[in-house]
Amino acid sequence: MPTEIAPRDRLIVALDLPGVAEAEAMITRLGDAVTFYKIGMELTYAGGLGLAERLAADGKQVFMDLKLHDIPNTVERATRQIARLGARFLTVHGFSQSMTAALAGAAGSPLELLAVTVMTSYDDADLAAAGYAMGVKELVARRAVQAKQIGIHGLILSPEETQLVRPLVGPDMQLVTPGIRPAGSDVGDQKRIMTPALAIAGGADRLVVGRPVTGAADPAAAAESIVADIASALALVGKTNRT
């Protein structure tokens, strides 16, 4: 039976920083305010794999945002290596071969896979320029259904698409949303964004937040404010929670 996700565990702070020293300094500043961290490509290539392993050993949850997409054998073996770090989540692009291979690599481990539907920096015009005949919402829906059929654990998608996707995939797939900006924050390079409270109310399970926390004068206070927004939204909607 599913158990409750605490509001604090729903916030994933993106360590989009240039090096391990900067990331470790930020983790120290955040202290107990944050339990879940995302490590992306930039930090991974700067020594982030070791950091991920240390975070997991310290009891933090780790999301490796590597968006794997390669020949199946490479994806499977790379996923197996990530699983050995103790990470909780790993992203893979929402193509059937990559998703199937990643599942094989994660077999027998606690690692959960999140399929990337459409990058939150893309809009319909970007897809058209890349040769897609469908818009963002149609492509997100198609990839979400395929990911569920393959057995992927969750999805990465814009908060705008959570209400579209939830009826298609049911209650058990975790919906993890980047593009989260507290009211008044700079939108940066995201095109499909939403506030934390609205994202939770719309059906998101976990929220990825980077610069509004790591770029704040007081990162721990910024994180606590977002956690409070999440808790308030959960109370308002009476959300059924899952691990």
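Cβ atoms are placed via backbone N, Cα and C, with glycine included.
So that you can see what the record holds, here are the features copied from Swiss-Prot:
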type	residues	note
BINDING	Asp16, Lys38, 65-74, Thr120, Arg181, Gln190, 210-211	substrate binding site
ACT_SITE	Lys67	active site, proton donor
Cβ neighbours within the same chain of the residue listed as 'active site, proton donor' - under 8 Å, at least six residues apart: Met41, Thr91, Val92, His93, Val116
Local Cβ density at Leu66 (substrate binding site) - other Cβ atoms counted within 10 Å: 19
Set of same-chain residues at least 6 away whose C-beta sits under 8 angstroms from Asp16 (substrate binding site): Gly40, Glu42, Leu43, Gly210, Arg211, Thr214
